[in-house]
Amino acid sequence: MFIRNCWYVAAWDTEIPAEGLFHRTLLNEPVLLYRDTQGRVVALENRCCHRSAPLHIGRQEGDCVRCLYHGLKFNPSGACVEIPGQEQIPPKTCIKSYPVVERNRLVWIWMGDPARANPDDIVDYFWHDSPEWRMKPGYIHYQANYKLIVDNLLDFTHLAWVHPTTLGTDSAASLKPVIERDTTGTGKLTITRWYLNDDMSNLHKGVAKFEGKADRWQIYQWSPPALLRMDTGSAPTGTGAPEGRRVPEAVQFRHTSIQTPETETTSHYWFCQARNFDLDDEALTEKIYQGVVVAFEEDRTMIEAHEKILSQVPDRPMVPIAADAGLNQGRWLLDRLLKAENGGTAP
């Protein structure tokens, strides 16, 4: 089961073409995505209500889409507007439509009760389209449940072991984070990690304009069910970074990691690593992107193998350790939200 009354990401804006049909499975539901004649994204059930033929192998006609099995035509609200050879259209001849919002270069979709869809609840990823930041968008498909990816993101002690040559340093294994949970009902977690007078990760070393020890930070906010935004960077040791000062030679990033369940055992993952320096250096943009891709492939190797083991021995217990503090809170919040949607007590 999935949490449904929340905003999920369906695609980067560039994944949905100006003309033509795009499709994805989200939360076990086949979804069709396309742009109308005004460029607005439309999200419909990717299934003709007549014989359940997939609409993505149909044809876009203006703002509508036509099934190319028997020719039924649907408008952006999901209503059938034409049945070839039949004048009367039964009221039940319709398909599901989904609320959708395009913001910060992401296409957001609401898979639950449409009446509860409030665009004001969408998490802000301003660095995606801000002129003061530069990034290259990325996407990974996972053969794993999305919660395993969330576990990974809420426990950065794994950086020392999974990413020793990319994102991690030895100190990541022992540093204890500060974990704060929002109590206003959002369920958001803020996790802060400071590495003072420490080595930089290789990813930071590759772009830094200073050498030697650094004060490094990872301040990440996670919003359920699977939206992570992070402020991370390195500054020369002793230059006031923990107090909020950012000297010109400091390297600063804003990171995005977003997951949407595809099925119970597969997931979509959107990411980027934005920077606020050397904005016109396209080679640097590609270098940072490729560095993150290498690191995330390290994650995927571990997480997909983890999924396979869990499917083989689903009833074997897992023994918690201190490093699980963040992911345990995340799991607890996800469980509460799911129960609330299904008649339990609201979080």
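Numbers here mean position along the shown chain, with the first residue as 1.
In case you wondered, yes, glycine gets a Cβ from its N, Cα and C as well.
Features as listed in Swiss-Prot:
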BINDING   CYS48, HIS50, CYS67, HIS70  [2Fe-2S] cluster binding site
DOMAIN    7-109  domain 'Rieske'
Proximal but sequence-remote residues of the same chain as CYS67 ([2Fe-2S] cluster binding site) (Cβ under 8 Å, at least 6 apart): CYS48, HIS50, ALA53, LEU55, GLY58, LYS73, PHE74
Tally of residues which DSSP labels helix, strand or coil - the domain 'Rieske' (7-109): 6 helix, 47 strand, 50 coil
Set of same-chain residues at least 6 away whose C-beta sits under 8 angstroms from HIS70 ([2Fe-2S] cluster binding site): CYS48, HIS50, ARG51, ALA53, PRO84
Local Cβ density at CYS48 ([2Fe-2S] cluster binding site) - other Cβ atoms counted within 10 Å: 23
Remaining residues near the recorded [2Fe-2S] cluster site, that is with C-beta within 8 Å of the centroid of the site residues CYS48, HIS50, CYS67, HIS70: CYS49, ARG51, ALA53, TYR69, GLY71, LEU72
